[in-house]
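Features reported for this protein in Swiss-Prot:
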type	residues	note
MOTIF	7-17	motif ''HIGH' region'
BINDING	C139, C142, C152, C155	Zn(2+) binding site
MOTIF	343-347	motif ''KMSKS' region'
BINDING	T346	ATP binding site
Amino acid sequence: MTAVAWPYANGPRHIGHVSGFGVPSDVFSRYQRMAGNRVLMVSGTDEHGTPISVQADKEGLSTRELADKYNRVITEDLQGLGLSYDLFTRTTTGNHYEVVQQIFLALHRNGYIIPKTTTGAISPSTGRTLPDRYIEGTCPICGYDGARGDQCDNCGNQLDPAELINPVSRINGEKPDFVETEHLFLDLSAFTESLGKWLSTRTGWRSNVLKFTQNLVEDMRPRAISRDLDWGVPIPLDGWRDQSMKRLYVWFDAVIGYFSASVEWARRTGDPDAWKQFWTDPSAQGYYFMGKDNITFHAQIWPALLMGHNGQGDKGGEVGPYGQLNLPDEIVSSEFLTMSGSKFSTSRGTVIYVRDFLREFGPDTLRYFISVAGPENQDTDFTWDEFVRRVNFELANEWGNLVNRSVSMAAKNNGAVPAPTSPRAADEELKTLSRNAFETVGGHLQRSRFKAAAQEAMRVVSAANKYLSDQEPWKLKEDPDRRDAVLHTALQVVSDANTLLTPFLPHSAQKVHELLGGTGVWSAQPELREVSDLDVPEREYPVLMGDYAAEQASWESTEIEVGRPLHKPTPLFAKLDAALGETGPEWAPIEKS
């Protein structure tokens with residue numbers, strides 16, 4: 001199962017967002033399908049909480065109208081990027097509410113949810129509750145100035161807004177009022193031993209995730225799971241369910257979305273129990289993809305919720321209504337994609353929206369850039385100069401030129417894939433290189449090393465270009481047998497390289513498949529489908545689903561068929577104007593030196 005962090009539905013998403021949750025998860029999922037594994041890739045829009053209400057006020061919409069608006073925008077953009085979700089849904093469905101409440105009740109029955117009187121942050125100007133993440137100040141532990149009210153991204157410690165030094169609202173900069181209020185808490189202290197033991201076994205995670213988990217084990221204290229709001233999942237307890245201004249905290253219901261989306265997917269496929277193969281089968285593997293600001297929720301809180309439901313916390317308890325659910329196997333967290341050294345920010349105007357980018361450059365250029373030059377292990381600055389260089393040199397000159405030269409010459413001289421005659425050592429050496437790359441590239445992808453995987457695939461492309469330049473088939477008119485052997489070798493390696501690059505470049509991979517005479521679906525794309533809510537039929541919304549079982553791409557070198565008709569190619573990737581690297585498009589923010 002590929003569980004992808006849920007984009008927040010308070011506005012369109014920018015390329016910094018999809019560099020963390022979007023492209024890496026799809027590259028991984030496409031590879032796993034090609035390798036013959038059953039994959040369930042799920043996510044959706046996160047639609048509850050104060051930020052939705054605040055943005056709705058700004059736009060003069062109701063909270064539901066705003067959620068509907070950006071749910072559609074985000075769904076359309078992720079479809080355009082080619083993210084192959086088995087289900088991309090939303091958190092305002094009847095199915096999600098039911099699943100969240102059932103897991104809440106299981107945790108409550110097992111004693112992992114407790115009431116506490118606490119201090120809540122209120123905006124003096126609006127009277128509205130401020131979510132912890134919307135309060136910023138100085139961390140009392142490490143002194144970091146940009147700590148949030150829920151955690152410090154610098155030291156990884158969990159915080160309470162009232163603990164911050166000089167706390168201010170991130171919405172309008174005012175100092176919040178702190179008032180007493182009663183809330184429900186997830187008793188994380190009741191998972192100190194069980195969760196700590198589990199985290200100690202996660203030695204293979206990325207270093208940035210392991211850094212945070214070390215602090216998590218030392219800071220296991222109760223964490224609020226309710227808020228004074230009227231927009232969210234109702235609390236299914238006597239004395240709470242009828243309170244109009246008490247709802248489950250957005251972070252609590254959002255992480256449960258991975259499971260509720262799996263249940264919804266199963267219901268929509270006509271087999272309501274299909275989710276069990278990914279959640280209760282001990283052999284199933286769960287991979288979670290996100291940006292680094294979500295590590296705590298996935299490495300500490302979500303495992304604790306699952307343990308509490310399963311009766312596996314320090315207090316024990318009964319197994320919940322869904323059976324014993326699997327804990328995460330891998331948490332794949334990316335760092336931040338920045339611009340001019342700063343995080344992408346809508347409020348500061350440092351933002352490149354996915355929709356704008358796709359309209360001008362198409363999906364595969366962005367997918368490739370994020371894969372080979374994105375923030376896999378450290379914060380990475382996006383520059384137009386680097387983007388133009390990668391597109392022009394690697395995609396257009398290297399990969400596009402290899403496809404064009406190989407297919408054009410074979411189509412012109414033979415009209416079809418020529419038969420190899422008397423292959424030489426150089427031919428076999430190149431074919432061996434491309435065959436062996438499947439194990440190397442696949443190994444990197446299995447370990448979520450996307451940069452290394454893309455670079456290794458491009459090494460095959462570079463070797464094939466050198467081979468063509470060395471063999472000079474355009475000079476072999478008087479030796480057609482040798483020319484055909486060279487062109488057959490080149491076409492075979494183009495076919496292999498196209499397979500190796502398919503997880504990164506699924507749209508152009510389909511085109512190369514067809515240029516090589518292939519028919520049918522090589523690399524399937526997600527479909528936007530209009531559906532009715534399974535539990536509230538009068539509500540309709542868009543989802544992403546797809547028929548990925550129909551695609552032909554498989555993770556192996558397949559011998560190219562002699563005599564297969566070839567088609568005259570058109571450029572795979574258009575070269576970009578070098579001046580674009582200096583200024584970027586007119587609609588893009590100006591880079592600061």
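Every residue, even glycine, has its Cβ placed from backbone N, Cα and C.
This view paints the features noted in Swiss-Prot onto the structure.
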{"residue": "C139", "record": "Zn(2+) binding site", "CB count, 10 Å": "21"}
{"residue": "C142", "record": "Zn(2+) binding site", "CB count, 10 Å": "12"}
{"residue": "C152", "record": "Zn(2+) binding site", "CB count, 10 Å": "22"}
{"residue": "C155", "record": "Zn(2+) binding site", "CB count, 10 Å": "17"}
{"residue": "T346", "record": "ATP binding site", "CB count, 10 Å": "12"}
The motif ''KMSKS' region' (343-347), counted residue by residue under DSSP: helix, strand, coil: 0 helix, 2 strand, 3 coil
Residue pair C155 (Zn(2+) binding site), T346 (ATP binding site) - Cα distance, angstrom, rounded: 26
Cβ-based neighbourhood (8 Å from the centroid) of the Zn(2+) site, residues C139, C142, C152, C155 excluded: P140, I141, G143, Y144, A147, D153, N154, G156, N157, L159
Cα distance (Å, whole number) from C139 (Zn(2+) binding site) to T346 (ATP binding site): 25
